[in-house]
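K.L.:
For reference, TrEMBL lists these features for the protein:
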- 1-37: region 'Disordered' (REGION)
- 1-10: compositional bias 'Basic and acidic residues' (COMPBIAS)
- 11-25: compositional bias 'Polar residues' (COMPBIAS)
- 62-540: domain 'Major facilitator superfamily (MFS) profile' (DOMAIN)
- 110-128: transmembrane segment (TRANSMEM)
- 140-158: transmembrane segment (TRANSMEM)
- 170-189: transmembrane segment (TRANSMEM)
- 201-225: transmembrane segment (TRANSMEM)
- 246-266: transmembrane segment (TRANSMEM)
- 272-295: transmembrane segment (TRANSMEM)
- 315-336: transmembrane segment (TRANSMEM)
- 356-373: transmembrane segment (TRANSMEM)
- 380-400: transmembrane segment (TRANSMEM)
- 412-436: transmembrane segment (TRANSMEM)
- 448-471: transmembrane segment (TRANSMEM)
- 509-534: transmembrane segment (TRANSMEM)
């Protein structure tokens, strides 16, 4: 080959990679670029491999463990089952609250038995989403169950109201990891077109005791669950993983939530609404929210509520909708037992029996809507329909009074149970359908975070309205009774402390207090009707096929 021919041949070839090294043996940039290219090509090839999903008994046991796990949270706070979030069963805590107020004589702590749980449940929701993204899925999920069990044990052995509240807060911390884990795992072990069915199935759980179920769930997950190949832990240094946890954002959420809860608890009860204490707490809440927004934008992808995700329509619309929808549902779960046990003089067991219409219809509707979404791929209409139904039901609950017939309160619950069951799981299904695999856990956590924070804020608002209205009405229905005596009396012992005209006046004040709680529910449900129309109406099956 002559020189010109060799030159032509050389020029026709792409430049070769220089393989020289420095004297110290350090690779050149060209070599590193080539290595990165090969790694990228390898990652693409692995991503293109068909995903092998669990089948048969393996899938059965994994789903069984997930159902048992969500049952833990569901018994404590219903909406976290498919979606809050959770199981379609009435919270046992809500049923027990009236009796707890008798044991410790702390009617003013009603909201704390729920809010302490929801406070940590909501504040740490996004943190767990980051944990699932940067740490092993299986280990993280098992840790969340253990923390929940620890909190349940503390509440179980409590000898005073404060210890119960502390245990509830710890349980909420664990549940904040259980809920997103339960909804993240099916996204990786089931084919996209089947996820809605499995999500709906998870809702049909519960009715068992926390500790035994938690132990069984841990054993099943430990020995049967193998992290699917599609679940890739983000490769990052430990320092970067810790920075991704956004502890500053979590602390601000906790601080802001606590400030608002205390302001609503104190206002009109122990302090005047225009007192420096209440005003200071409200100002602190606003300031911390402003700082939180600034911090989240500053952190970017490291934020617990990543601005990139929040700006997505499928995320922010479903998050806002979940905030008010789940919040209204929590109020219903907490104040129906108070109505049955204080106004109708039912025992906790009798109150639970009277809630069967709500529970039964919720369970049926949850599973049915999941199957329907799986078959049709249409999800957004369920947001609109469920919002309208629960708004009507909330208006009917507002009419509850002394002597309301069985047919009415049972019928109202049937309507509400159906409405809440149809819609509660839909935001998670829609958000996951339009999320990238790497965003699955963070997006799921954002939706569940909005549910739990909605429950925290709205339950506390309902409690504030409930107590303030009782105090206000007592001055006209039975002015001879000290309002402090009523608020310190357990909801189920009213007839042991009052009688005759006094009892009648106290019961009427209670009814008006409960009406205020349901008025807040009406407003929250109305907002969900307006929000639902902004959801993305694209068929989720078409979206998955395109992806």
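Cβ coordinates are placed from backbone N, Cα and C, and glycine is handled just like the others.
Context for these features, please: burial, neighbours, distances.
P.N.:
Long-range contacts of the transmembrane segment (110-128) within the same chain, counting only residues at least 6 positions beyond its ends with a Cβ under 8 Å from a Cβ of the stretch, are 76-77, 80, 93-94, 97, 100-101, 140, 144, 161, 164-166, 168-173, 175-177, 179-181, 245-247, 249-250, 253-254, 257-258, 261, 264-265, 304-305, 330, 334, 338, 442, 445-446, 448-449, 451-453, 455-456, 459-460, 462-464, 466, 491.
Tertiary neighbourhood of the transmembrane segment (246-266): same-chain residues 108, 111-112, 115, 119-120, 122-124, 126-127, 130, 275, 277-278, 281-282, 284-285, 288-289, 291-292, 295-296, 299, 302-305, 453, 456-457, 460-461, 463-464, selected by CB-CB distance under 8 Å and a gap of 6+ residues from either end.
Residues 77-79, 83-85, 90-91, 94, 97, 110, 114, 118, 309, 351, 354-355, 358, 383, 386-387, 390, 394, 397, 413, 416, 420, 423-424, 426-428, 430-431, 443, 446-455, 457-459, 462, 466, 514, 517-518, 520-521, 524-525, 527-528, 531-532, 534-536 of the same chain lie 6 or more positions beyond the ends of the transmembrane segment (315-336) yet place their CB under 8 Å from a CB of it.
Long-range Cβ contacts of the transmembrane segment (380-400) within its own chain (Cβ-Cβ under 8 Å, at least 6 residues beyond either end) map to 321, 325, 328-329, 332, 336, 339, 343, 369, 372-373, 408-409, 411-412, 415-416, 418-420, 422-424, 426-427, 430, 511, 514-515, 518-519, 521-522, 524-526, 528-529, 531-533, 535-537.
Through the fold, the transmembrane segment (448-471) approaches residues 77, 79-80, 83-85, 107-108, 110-111, 114-115, 118-119, 121-123, 125-126, 129, 172, 176, 179-180, 183, 253, 257, 260-261, 264-265, 267-269, 305, 319-320, 322-331, 334-335, 428, 483, 486-487, 509-510, 512-517, 519-521, 524 of its own chain, all at least 6 residues removed from its boundaries and within a Cβ separation under 8 Å.
Long-range Cβ contacts of the transmembrane segment (509-534) within its own chain (Cβ-Cβ under 8 Å, at least 6 residues beyond either end) map to 313, 317, 320-321, 324-325, 327-328, 331-332, 334-335, 338-339, 342-343, 380, 383-384, 387-388, 390-391, 393-395, 397-398, 400-402, 454, 458, 461-463, 465-470, 473-474, 477-478, 486, 491, 494.
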